[in-house]
């Protein structure tokens, strides 16, 4: 039985594991470590893996919601897999055991698979930490688990020396994962995750790797920076620099914004424009986080629907939305024309309540008495809220009432599936609009080439939008998650010392 099982694993391994890209390393005299890496191009052979990874990883969200010539800077090169996974190499233990890890600013723990992981298939296809082989291992044993949007890992804490680039963090606490259920980690090109978020969201009150780098004086400046290479023809996947920035990977000055809430690297952003037209949704401000561990760009359904319509993305036809527009559209428009606060329009017509800051569903009582009607009331309220924003946006652009109602009705056919990507026509990519984010009072443009994923060439090419919807209610939301789609075109600095985030055009 054991022999057959091992044979099966060997067969699966030969089918699922791709040959690693060639690499070379070079130690510079300035104390930095540079490793030349090649990256794998996106092709049909690995299309399934990319789709599953994008679908799952795009929605991950843990829990419930200076000069480069400095000897104290260190560079960790990153591999780029399918423009969906950027990962680099770390080692743990003495002698060093190698692992590939996602450097994730959206979480704060370090974890890798454990040699004691027996019942999760994913563990058999990735490097596993062997405590017995390390002379610097220290037993900890505290239980740990991390839940993501589409799965979870669990295990226990251990302590050992961790090496990132040329930096050695002694006695670092990390998680040995003994359970990795689901397909997400099975298909992943990385072994584990190294969190670079704030300690406030660290599971088990563990001190993050980055905190120990700073506190132990391993970096001169308490900053780290990301450059993610989106050029599919370039073998270099990107790099993360601890303790500095690489000036050859950005141009101009960084625009900095303060971190408004520790945990994630969260900050305030202004409105979002589609083809130079303001959506109005974030005119009074929205929150956003810079998340290197998320492949996509996630935002409120209201605005993602507007983007979907502008780029011709396939969505869900919402009957509730069409009912709201058909029965209440003119009344809503009349209220907006008479300058009623858009947040109160839906409560005025009786589809929502209003708690003083935003609309709330009036279906709570009926959910208890009649679950179906309660869910319908909630859907109608949600549709009304979205339609109110759409109408206000068009009204601010002096569109006719007929055009405003028609536009709102059209958007009802483009509402996105939550946490999923939408298909688009590859032949239309060149004519798709620029989407602009306002951060620190300055515009940051995303071109179609930035936000569209393309698989294949010619008539067999398939394209999907990198925008996905996720609605996070107040007070934590609305929240935008700016993943690799945004951090690709914009070099990003995470300034821990001054608790701020900076963006500059990447080169």
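Just so it is clear, glycine is given a Cβ too, placed from its N, Cα and C backbone atoms.
The disulfide bond annotation in TrEMBL covers 117-123.
Annotation comment: TrEMBL describes 86-504 as domain 'Peptidase A1'. Mean model confidence of the domain 'Peptidase A1' (86-504) amounts to 89 (pLDDT, 0 to 100 scale).
The feature domain 'Saposin B-type' is assigned by TrEMBL to 316-356 (among others). Each residue in the domain 'Saposin B-type' (316-356) gets a DSSP state, and the totals come to 23 helix, 4 strand, 14 coil.
What TrEMBL records for 377-418 (among others) is domain 'Saposin B-type'.
Annotation source TrEMBL lists signal peptide at 1-21.
Sequence-distant contacts of the domain 'Saposin B-type' (377-418) (same chain, six or more residues past either end, CB-CB distance under 8 Å): 277-281, 301-306, 308-309, 313-318, 320-326, 328-330, 332-333, 336-337, 342-343, 345-346, 349, 351-352, 359-363, 366-367, 467-471. The number of other Cβ atoms within 10 Å of the Cβ belonging to residue 123 (disulfide bond), over all protein chains shown, comes to 22. Close to residue 117 (disulfide bond) in the fold, though at least 6 residues off in sequence, lie 123, 128, 155, 176, 177, 178, 179, 180, each with a CB less than 8 Å from its CB.
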